[in-house]
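J.: The following feature annotations were taken from TrEMBL:
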| type | residues | note |
| --- | --- | --- |
| ACT_SITE | GLU115 | active site, nucleophile |
| BINDING | ASP23, ASP25 | Mn(2+) binding site |
| BINDING | ASP23, ILE24, ASP25 | UDP-N-acetyl-alpha-D-galactosamine binding site |
Amino acid sequence: MKWATITIDKQIRHEADYLFMMDIDSVFHGRFGAESLSQLSAVLHRGYYKTTREKFPYERRAKSRAYIPLDEGDYYYTAAVWGGYLEDMYKLVRYCYEESEVDAKNGIEAAWQEESHLN
Ligand SMILES: CC(=O)N[C@H]1[C@@H](OP(=O)(O)OP(=O)(O)OC[C@H]2O[C@@H](n3ccc(=O)[nH]c3=O)[C@H](O)[C@@H]2O)O[C@H](CO)[C@H](O)[C@@H]1O
Ligand SMILES: [Mn+2]
């Protein structure tokens, strides 16, 4: 998330109204269009949209800034597709970066890195 924070700040901010973060190896099987454009959009993870919350792969160690206890959280979002208004995404990306830096200082890396902090 460090590179993303810096690149948004230095470059993308001057070029775009929206920003989407996606896995670079994504394959689109259908149309992905303007219906996805909103302030912030996230996608429920394909592996967990039918499961109950205690099975979500949230970070479960209290030492991490991404920690979510077993009785909290309604959804598990994928970091493979998330996006929205540039400035809102910037805040979210920077948040994930800063939280992971705090974790690193405390000698821990969240289970699914930025996805854990996003959730
Ligand atoms: C089976 C499955 O659904 N697996 C997870 C994993 O998908 P994947 O197994 O598809 O993860 P991946 O190996 O594609 O890594 C995620 C993304 O991180 C980036 N990358 C990764 C490694 C690297 O050395 N350099 C780099 O730039 C790249 O954009 C890549 O597409 O990750 C996603 C979030 O992104 C989802 O949360 C999924 O839970
Ligand atoms: Mn992938």
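Every residue, even glycine, has its Cβ placed from backbone N, Cα and C.
Unlike curated entries, TrEMBL annotations are predicted automatically.
On a predicted model such as this, the values are computed, not experimentally measured, just so you know.
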J.: Can you tell me how many other Cβ atoms are located within 10 Å of the Cβ belonging to ASP23 (Mn(2+) binding site)?
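T.: Taking every protein chain into account, the count is 10.
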J.: Within 10 Å of its Cβ, which one of these recorded positions (ASP25, GLU115) has the largest number of other Cβ atoms?
T.: GLU115
J.: I want the residues beyond ASP23, ILE24, ASP25 whose C-beta is within 8 angstroms of the mean position of the UDP-N-acetyl-alpha-D-galactosamine site's C-beta atoms, in chain order.
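T.: Going along the sequence, the neighbours come out as MET22, SER26, ALA80.
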J.: Output: those recorded positions from ASP23, ILE24, ASP25, GLU115 whose CB lies less than 6 Å from an atom of ligand 2, in sequence order; none if no residue fits.
T.: ASP23, ASP25
J.: Of the binding-site residues ASP23, ILE24, ASP25, which sits closest to the residue listed as 'active site, nucleophile' by Cα distance?
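T.: Result: the closest of the binding-site residues to the residue listed as 'active site, nucleophile' is ASP23.
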J.: Given a separation of at least six residues and a C-beta threshold under 8 Å, show me what packs close to ILE24 (UDP-N-acetyl-alpha-D-galactosamine binding site) in the same chain.
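T.: Long-range Cβ contacts: none.
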